[in-house]
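Peer 1: A single structure is presented below for examination.
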Amino acid sequence: MVQPLLRLSTFSLTAIVGLLTFANTACQSLPENTGSKGTSEYSNDLQCKEMQAPQDMTGLVVKEGYPLEEHFVATPDGYILGLYRIPHGRIPSTVELETMDVAFEEKAMETGKPVVLLQHGLLDCSASWVCNGANESLGFILADRGFDVWLANSRGNTYSLRHRTLNPCEDAFWQFTFDEMAYVDLPAVMRHILDVTNVETIGFVGHSQGTTIGFGAFSQDVDMAHRVSVAAMLAPVAFLTHTGSSVLRWLAGLDIASALEILGIREFLPSSNPKIIEELCKASGSPCRNIVTLLCGYNAANINNTRWPTYLSISPAGTSVANMIHWTQCIQNHNASVLQEYDFGGNCHKGRLCNEDVYGMATPPAYNISELRVPVAIFSGGKDILADQSDVQLLLDILPDDLVLLHHEEPSYAHLDFTWGMNAHTLVYPKVVQVLEQHARKNSGVVGAEI
């Protein structure tokens, strides 16, 4: 069985490189950006991205009977992030979860809706929070429970391909990692939400890289941490010493990500050509599932196989090659319980940035997760090969004991089951919503965002 598995892995990984190369070629062949397009003031830089769009948020949300608002958030460094809002649930509500406080929704109506921000994971987007229909998607469940639900998108994914001066066909657009997502994107998104809603605090739910972003932002920015009532972290990723992700280990071991950067490929697994992925999966669903399995694991018992077309229409949603290099650095880091910022290296010659240039020291600074001052609930999966249980335990060991509200391990869960799982609404989400409800604070009438 070793050789077939090797051939399977080689095929799937080759497919990844093929998709990357195609996306890069397609981008290079597009015409120059020559003018304004669309109704948004930020849409004029998308002309180079004239490829078939994946399934949009409207198609996933409005068809289920929920309201949807589209917001744009400008970051200090010029990125325009897509942010979606489900301000309330359907009437009448279709969701009933036995473990929840029945009076919470009525209380929310009287005191002002509690606000929650959902932050997606690596190579993902806001659509994963609403892709399983009204009764099984966390975004809809929270809306029906009385929450004002906001769905973020990290720079470089399907819904955040805009910039004030750059377009996605320029190398400079892709010079970012999860450092910028934590230190720039999340604060900008939170300020926008606080300004719009006038609430004092926000609940936070992160998945995968979304938890990494949260840990980084909330441990680095004390003022922001004070505006977070509680953080529910699903499949948390802070350390990757024990990860079983074949894709990440392959990228790290062969330095493939750096090779892609040298070749001029800056975008990793983009969503800009879902037709190619659709055709690849039409002949056989196996290659697509193999890629998912190699990246983060897959438990067929928890996934509704009839929904694969939907999942593959929204994911992978793309990120930068630089971000993937950062993740491979996490694997190569010999200090198991340290998460570092991006390593620019020690070679300061030939016009390349190095650590001394960027940080003023030879090695990158570490994320000070032990200084986190936000109450957290940890949800991990027993079959999660990306966020391995040993690495989750390393995280728990450094988090302040008084702030860890609970650690719930779902034995059968792989990495994506926390968003795509057809049974998450019974196994995991009741506990997530309960934590959010218990820590939701009343609308204080604070105007503006002082963070």
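Cβ coordinates are placed from backbone N, Cα and C, and glycine is handled just like the others.
Sharing the feature lines straight out of TrEMBL:
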ACT_SITE  S208  active site, nucleophile
ACT_SITE  D384  active site, charge relay system
ACT_SITE  H415  active site, charge relay system
DOMAIN    61-133  domain 'Partial AB-hydrolase lipase'
SIGNAL    1-27  signal peptide
Peer 1: Near D384 (active site, charge relay system), which residues of its chain come within a Cβ-Cβ distance under 8 Å, counting only those 6 or more away in sequence?
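Peer 2: For D384 (active site, charge relay system), the qualifying residues are A235, C296, G297, Y413, A414, H415.
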Peer 1: Going by DSSP, give the three-state secondary structure for H415 (active site, charge relay system).
Peer 2: coil
Peer 1: Sorted by position, what residues of the same chain at least six away from S208 (active site, nucleophile) have a C-beta under 8 A from it?
Peer 2: H120, G121, L122, D124, L234, A235, V237, C296, L386, A387, H415
Peer 1: How many neighbouring Cβ atoms, not counting its own, are there within 10 Å of the Cβ of H415 (active site, charge relay system)?
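Peer 2: Excluding its own Cβ, the number within 10 Å is 29.
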Peer 1: Find the average pLDDT over the domain 'Partial AB-hydrolase lipase' (61-133) in the predicted model and report it.
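Peer 2: Summing pLDDT over the domain 'Partial AB-hydrolase lipase' (61-133) and dividing by its length gives 84.
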